[in-house]
Amino acid sequence: MNLRPHHFILWGLFIAGMFLMPELVGKGTLRTMIFACYLAMFAISWDILSGRTGYISFGHPFLIGIGAYTTGILTRRYGFPVEASIPIAVLVTMAGGLIVLLPALRIKGSYFALVTLAVMELMYQLVPVVRPDLTGGTRGISRLPALTRGAENGYYLAVGLMLAVALMAWLLMRTRVGTALWAIGMNEESVRGSGLSTTRLKSFAFLVSAGVAGMAGAFYAHYLGTITPRAFFDINVLFQIIVAVLIGGAGTIVGPIIGAFFMVFLLEWLRPYLPGQERFFVYGLIALVIYMYQPRGIMAIVEGAWTRLRGARS
Amino acid sequence: MMQIIIQGMLLSGLYALIAMGFMLIFSIGRTLNLAYGAYIMVGGYIYFWLSQQLGMPKIVGFGGAVAVGALMGLLKHRLIVKPLKGDPVAVEISTLILAVIMQSAMVLAFGDASKILLPLIPGVVTVAGAQVTYNILAATIMSWVIILALYAFVRGTHTGRAMQAVSMDEKGAAISGVDPDRINMITWAISGGLGAAGGVFFASYTQLSPSMWVAPVIISVAIVIVGGIGSIIGTLIVAHIIGFLEITVVAVLAPELRGVFTMVLIIGVLIMRPQGLFGREEH
């Protein structure tokens, strides 16, 4: 991707707009946006691994859940301060993800997806049963220490984190490693043929992805204040993450962010009409139609429309 | 002991049936059809709706469930799998989206709370000291009848053999005068019907809820992969391994650990021996 001045201008406007938001909208909208920011981080994390390399992970809720539970257990059961528990949560997520999923990188395609899905389901069944004194069983852990007070500060924290994660992902993708990850998604054999260790590359992508997921999960847990197995190790969480990436545009930085905001706000608008899980019916249909029409997401649709518009003018 | 053996046989028959329908699709396209879970769930709900809410005879409810399942399989193939042809990732993801759509559709239509299905056939019989409900006995017997019929169909009829041919090599099958498109459609329809039938039994074995599909789908995928793709016998054997494993865990250790060992087994086998225990080598 060539950088043009207008890219920087657009990003500048976007960031300024994000930080001005608390002046413009109410507390309720702000809370929705906080959720969207966290979802965007999960989505970026998924995209680093799956959007680039084509290894579809159905196990991201598992990583996010590890991050959330680690910090939850450390702060609530062992009295760790948040400053220590969140970095530990990130490390634990990376280690846990590596132990469980590194062997899974040997297998491909549907098998990889299935192993990650099975790991998520395993966690869902294990967490309530093993050491319920630590995990709180099916009722989870509540009253996690809050990091910020009030919706505005929570919002600034979430936006700041999201932008940091996006910047990190962007920088990573501009390196040779980023290019190699792309190449794996296109043709893994030829990457190996050019003398690169695909296992090492994939493990690296996985580690970064797990680190981001763990961090986002830990902060999200402190924002929510309560964590339960159903809120993390669930197929609907997985669905939200993957759909956010896909309708935004996989393999881009802005895509997952757009997708996450689109998704969260659409769900919010649907809330008055359909209160519960039914919203996913409308949402899923929209997602499916967008995906079938343009698998590369809203980004590609907008780009296509823009090119056509310019073509028509000249 | 007797209890474990009998319960294990019963559960395994059920798993074998559910896995069978999944196996048909997986052996053709190698696609992880997560929407298969939707057939299971929708089958259970259609049966519930027809036989318990509308009060129709049970056999009508069952037939309706199978018909709707088959129709869903057909539509899925026509509207989603065919347009996305050649892209397994896209199919996988679209099936995940579809599964969630169907799940929320069921919430929309029937509500979030789980429902108890009335037994297919009421009553209890004692076999060798073990209590067995007629319901689960009937489900198992019907599962076996369906499995044997399927086996006879795949092995004995022209269409069945064509299905096998397409699953081994689509181009080769086309050259020998088989229309892969037609065979694909038949396979998707049969798979949908089997899923819905399995769903009715499974729902009557456990309970009916919008999220009931995740565990059976993982189990059936695993049975198929562990058993070896395209091997009906392998599928049967592994269904019994997993069925007995679950029953033993429930009886000996603790009911909450039921799914844990299954998942560990699946993950272990997939990582160590991705081609499965009885399957042909994949490239």
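Glycine is treated like the rest: Cβ placed from N, Cα and C.
No curator has checked TrEMBL annotations; they are predicted automatically.
Pulled from TrEMBL, these are the features on record:
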TRANSMEM  A:6-25  transmembrane segment
TRANSMEM  A:32-49  transmembrane segment
TRANSMEM  A:55-74  transmembrane segment
TRANSMEM  A:86-105  transmembrane segment
TRANSMEM  A:111-134  transmembrane segment
TRANSMEM  A:155-173  transmembrane segment
TRANSMEM  A:204-225  transmembrane segment
TRANSMEM  A:237-265  transmembrane segment
TRANSMEM  A:280-306  transmembrane segment
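Take the transmembrane segment (A:55-74) and the stretches A:32-49, A:111-134, A:155-173, A:280-306: counting Cβ pairs under 8 Å, A:111-134 has the most.
Long-range contacts of the transmembrane segment (A:86-105) within the same chain: residues 55, 57, 59, 62-63, 66-68, 70-71, 74, 80, 112, 115-116, 119, 199, 202-203, 206-207, 209-211, 213-215, 217-219, 222, each at least 6 residues beyond the stretch ends and with a Cβ under 8 Å from a Cβ of the stretch.
Where the transmembrane segment (A:6-25) meets the stretches A:111-134, A:155-173, A:204-225, A:237-265, the count of C-beta pairs under 8 angstroms peaks at A:155-173. Of the ranges A:111-134, A:204-225, A:237-265, A:280-306, the one with the most Cβ pairs under 8 Å to the transmembrane segment (A:155-173) is A:204-225. Using a Cβ-Cβ cut-off under 8 Å and counting only residues 6 or more beyond its ends in the same chain, the transmembrane segment (A:280-306) has close neighbours at 236, 239, 243, 245-252, 254-255, 258-259, 262-263, 266-267, 270, 274.
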